[in-house]
Amino acid sequence: MTKYGMVIDLHKCVGCSGCSIACKNENNVDTGMFWAHYFHETKGSFPNVNYKYVPTLCNHCEDAACVRVCPTQAMYKDENGLTLHDPDKCIGCKSCMQACPYGVINFNKNKPHRRWEETAAAIKGGTATSKELQERTGQELPYYNADRAFTYEGIRSKGIVEKCTFCDHRIKDNLRPYCVESCPADARTFGDLDDPSSDINKVLAQYSSQVLKPEKGTKPRVFYVRG
Amino acid sequence: MYLIDKEVKEMDFHAYWDYRVALDLFLGGVGIGVFLLAAYFSLVFKEKSFKVTRLGFIIAPVLVGLGVFALLTELGKPFRMLSTFINVNPTSVTSWGGFLQTIFILLSFVIFLVVWKYKQNAYQMSLFKGLVIAGSVFALAVGIYHGLLLMSLGVAGWANGLIPVMFLVSSILSGSSVLMVVEAVFMRSIIGRGKEVYSETAASSDAQVFTYSKLLVSLVGIQALLILTWRISLNSAGTEAIIAYQNLISHFGVYWWILVVAIGLVIPLTIAGYSTLKKIKMNFYTAMIFTAVVLIGSYAFKHIILYSGQIPLAGL
Amino acid sequence: MGISRRGFIKASAVTGATVAGLSANKPMLTAFSETDKKEQIAESGKWLASTCQGCTTWCPVQVYVENGRAIKVRGNPNSKGNHGKICPRPHLAIQQLYDPDRVKVPMKRTNPKKGRNEDPKFVPISWEEAIDAVTDKMMELRKSHETHKFALFRGRYTGAADIFYKALPTIFGSPNNISHSAICAEAEKLGPYVTEAFWDYRDYDLEHTRYVIMWSTDPVSSNRQVPHAISMFGKVLDQAKVAVIDPRLSATASKADEWLPVIPGQDGALVSAIAHVILKEGIWNREFVGDFKDGENLFAKGSAVDEAAFEENKTYGIVKWWNLELKDRTPEWAAEISGVPAEQIYRVARDFAEAAPRAISWLAPGSAMQIRGGYTSMGAHALNALVGSIENIGGTNRGEKVPLESIPELDSYLDEIAKKGKKHEKIDQRGRIQFPAFAKGELHKGVVTNNVADGILNEDPYDIKMAIGYWNNFVFSCTGAQRWEKAMEKIPFYVHITVNPAEMTQYADIVLPACHQLFERWGVIKSKQNMNAYGSIQQPVIEPLWDCKVDETEIGWLIAESFAKKGFSNLYDYYRNEFTDPETGKKATNEKEFNLVATKFLSKKLWDPSEEKKGDQISSWQEFVDVGVWNAKRTPYKKHWEEGFETASTKFEFYSETLKGLLDEHAKGHNTSIDKVMEAMKYEARGDLAFVPHYEEPIRYGDEKEFPLIFTEHRSRLNREGRSANTTWYQEFKDADPGDEKWDDVIKINPIDCKKYGVKSGDRVKVTSVQGSIEVTVKEWEGTRPGVAVKCYGQGHWAYGRIATMDYQKKIARGGNNNEILPSDYEHLSGSTARHGGIARIKIEKI
């Protein structure tokens, strides 16, 4: 049985947001939506100030609230323990967004990446336009990552939700999720929680860990250590 | 201006379930409330209630249908609504919604057809009684489903056991008031006679007497009590519940106190209470005012609870 | 699902069932057919090597390319410097590459009026027409023997810089090749130069260190060696202590063991106090510094020491330093001035010395680029010597040589006009009494970039009739920005080689679109980090998107060709004759070939099989292209301990004979004394004090009563040298900078001050200094000291593109440019622009 999870080492993490940006790149996520995000808190008063930065993403909960409330089972758990989304079944009711305690699900209110259809130029005839870039690259999004479409819609459609899939399109080929890959601090470890020798279990054995909002009963599979 | 700024300029908070969902909850609630009172009349007063219940049995599904339509326009993929009949999730209250509302609408419409075809004779038919009882079950189910859907999501502002009850009572209250106005408007000519008929019946037998005022003052009273209980329960329901309530007050405080409490509870309580105590009937105009304030209060209540529940709590 | 969603939709007609979502089957993760499997492996495109220049770490990277599109960027795993890591900036480069606001064709101005509120009314033209217009103007200057009135402004460059930046003006006959270095970090290099004759950025042995003092250094966010610092930081915090001296709570400070929230400009007091403690408590490193001859520590508060009593080992002038400056500089004294508690200063000094020699004093522009920051630079670096960490394990180090070629000698291509033209004084006035501007040990060699605006405005030494600028934006990036606006209005003919229509572009007569440095050009860069120096390639990983050309080589060639057609062939001859492809022996016949030939020529020693290499053994050009980076041998320790330093005394100089010699020469050149020079440079020190690190009171513009808050600025972890504000990802993640907000440009003020001035987070305010005003949003933040206002640099663009601005057409800025409230002034020894040290006082008014 495979049970994927992730652990984030907050001691190594410096809050650079590289993971969040890289995720958008890898998954063709539209402006205003975030599959990998963060929250930060500034506490105390000068000069005794504490600044905390915590990266967040879908926790691929064991008892996922989104799966529980989705009317069409568009949100589902797969055999590897991932919480995934079927873009064909989704009716866009957003019950999942209401139920998710972590706010990691995004809704496509409009067609994503519409700004790339813009035909006006800053300097007419002198600077480019978004539309020209679409034509030149033959893609809706010039830096479109086709890998994403192997297991999910490469660019999602208007009216459905979307969220992190633990880069299932990469892990199927034994590549790590892109946030894990991109982190310059090596703060993220991904792996199979059911495999006793996996890296993630080594980290979890070494440090005491926490999850976000355990009281919600969702049993998240993203753990935080050394916070 | 560039597309970006339009999309990104955020309001204070973004309510994904907006007025269209509020309309669904409201119209659907009024609809099942109308049905329930009409069902009661048809079972108790039988053919005497023909005119008013015939209207009731068609108004109910129309209102619920309008509500469902409003909801459909809110869906990201409205045409996929049909798929919810095939792709079902028993743990999802949202999943039940399509079934419950569809079955209710069909039942109520069939009942209307039966009444329309058989007129006064319908009320003696056991088929008719069976349908009405079935319809009532589903009406109740839909009325509870509204609040149950919100409660089931685990959202701090909605995760309270009284939410489904308050929504149901609000629905029955608004539906009953609407039916009262329907009767007053469409059967002005028989009001007096109708009521006299009831009174005569009462005088001559031990049959029940129906007074709207008594029903309505009870419902408003119950709702006021529920809301008060709900408010008190928040104090010991945990920090998130209190913060959610504070968010409600900071964003909608004025509307809450004026529309929901003053206009939606205090005024109708006064009107109906006065009529009940003085043992007089509400006249036409009073009935209209009563219904108007109840409807305002009911919509405001549902709208505010819906919106305020979506205000993000601090932290994550 | 065996095929992609899009493929499915395209392949089959859209059925009602699909539309209605009636498929009841769950998609199976592993339901691939055999043939599909091959086509659907993630990352089955190519990773091509290049170099990122988002900051000056200059990291080797790789770009993922599929079907001629650049999709994403990662670190080059072959590099020992950043070992496959990148910071967030390279991701933004993808959005820069595909920025719709890029200039796609050459343009010419049709509105003769120039000004911030003028629309240039650019129209597209051909390259031929554009280059023709450029060379016409330049030939005019040749004819009138006014070649010195031509200036070449260099912004961001590569290893090929001199091909354009040096060869063009020199052969043409102008002394005015003006780089941007002085607005960058030159004052930081001053300290290491006058002490150990090392004019360069340093490398740091983070892997082995036990203590790091960071002087306004924020290496997990910005310059330098960001990816390596981020990668190492967890380990550094485990093994070592980190003390950050910074007016604001930076990202590094938030994770450090100590935060010393110094009042802007008072860093020098901390330097002296720390040095005082180390000497007074006898905890300096004996191996490097030496000791008292009879072992008794005579450094006592307030008492001078006899120089003869101390025998120095690898250093020179320690007792002079004590006597002239340190003896009274106690932490108690420093605490009052700097706002840092005395006990913290003691603790940092003691812990720092205890960790010796694995103790780093890491100097950065924040503490050095101040009007009187030259001595802070010197002193902060000198602390390394006190603990013996110079070129030592866990300490501050240099880097091995990366043998890039210099351009071939130019002299034989200079005609009389050129020789004469070159002799004129440079437009930046370096060399005048207040600008000794020494760089790399030579007087008057350092550029005084920002002063060019004044030179132009005052026509002193003369007027500038024409300029070409590339990858620069002085109208935005220089303090006292308003002066540059006026200066650019004055230059009759300006050519801007740029990627986006920047602020400086708005004053151009000809605009030439530049290829993007990361993705669209051949080039070679050298740098160092993680104790490894390296040479890294840049290559065109995709076909250039637009009709753009490579700045240094292709445009240089086109200009040279055009000159030749007009009778002046020297530059063209130079390019044609002097650059040969080391592999093929061929010479370039057009500009595209020239870009490649020049790159191969310059990088030859890194990959040519016949060259002996002190580092990686790469044996062909193609191998270099594939691998992307040549690593030098790991930086050795203690090289100059044995050899001696290249200073005047051959030692590490606390009392800088090197600096004395330079100032002496400079003073003599002006028939005056060093003291007079010090006065002209706005330094307080006189006499011998001028040659040791010492405390100088900061200079602030604006009277305290009218301008109650001290303004200080910092860099963003997402700034690509001020060019990334036009990307959505920059705006969306801007709050990754502690205290900042998404899609906004906030001034961070302590809540106590906010209350005082009646503002709260989200309010719009007008921020005014003696220099000017900007309008921004307020943010209440505890990471700011009361009395100080902090704001990030990089926004406030009124041009550049439609995301960087609020409205490009109407020139409405998003946020405010710090340089519009920072007045122009200098650290005069190096000629650096002083943007730090609380140079400006401000007031805020709610709008």
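Note that the numbers count up from 1, one per residue, in the order the chain is shown.
Positions of Cβ are set from backbone N, Cα and C atoms, glycine also.
Quantities reported herein were computed from a predicted structural model and do not represent experimental measurements.
The annotation transmembrane segment is assigned in TrEMBL to B:20-43 (among others).
Annotation source TrEMBL lists transmembrane segment at B:55-73 (among others).
Look at TrEMBL and you will find B:93-115 (among others) tagged as transmembrane segment.
Note on the transmembrane segment (B:127-149): residues 25, 28-29, 32-33, 35-36, 39, 42-43, 60, 64, 93-94, 96-97, 100-101, 103-104, 107-108, 110-111, 114-115, 118, 163-168, 171-172, 302 of its chain, located 6 or more positions outside it, place their CB under 8 angstroms from a CB of the stretch. The transmembrane segment annotation in TrEMBL covers B:127-149 (among others).
Annotation source TrEMBL lists transmembrane segment at B:161-186 (among others).
Residues 37, 160, 162-163, 165-166, 169-170, 172-173, 176-177, 180, 241-242, 245, 260-261, 265, 268-269, 272-273, 275-276, 290, 294 of the same chain lie 6+ residues outside the transmembrane segment (B:215-234) yet bring a C-beta within less than 8 angstroms of a C-beta in it. Look at TrEMBL and you will find B:215-234 (among others) tagged as transmembrane segment.
The transmembrane segment annotation in TrEMBL covers B:254-277 (among others). Here the transmembrane segment (B:254-277) has long-range neighbours at 177, 211, 213-214, 216-217, 220-221, 223-224, 227, 248, 286, 289-290, 293-294, 296-298, 300-301, 304, meaning same-chain residues at least 6 beyond its ends whose C-beta is under 8 angstroms from one of its own.
The transmembrane segment annotation in TrEMBL covers B:284-306 (among others).
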Tertiary contacts of the transmembrane segment (B:284-306) (same chain, 6+ residues out, Cβ under 8 Å): 15, 17, 19, 21-22, 25-26, 29-30, 146, 150, 157-158, 163, 166-167, 170-171, 173-174, 177-178, 180-181, 184, 188, 191, 212, 216, 220, 248, 252, 255-256, 259-261, 263-265, 267-268, 271-272, 275
Whether the transmembrane segment (B:93-115) meets the transmembrane segment (B:161-186): three or more C-beta pairs under 8 angstroms: no
Other parts of the chain folded back onto the transmembrane segment (B:161-186), taken as Cβ under 8 Å at six or more residues beyond its ends: 25-26, 28-38, 51-52, 55-56, 59-60, 140, 143-144, 146-148, 150-151, 194, 212, 215-216, 219-220, 222-223, 226-227, 229-230, 233, 268, 284, 287-288, 290-291, 294-295, 298, 301-302, 305
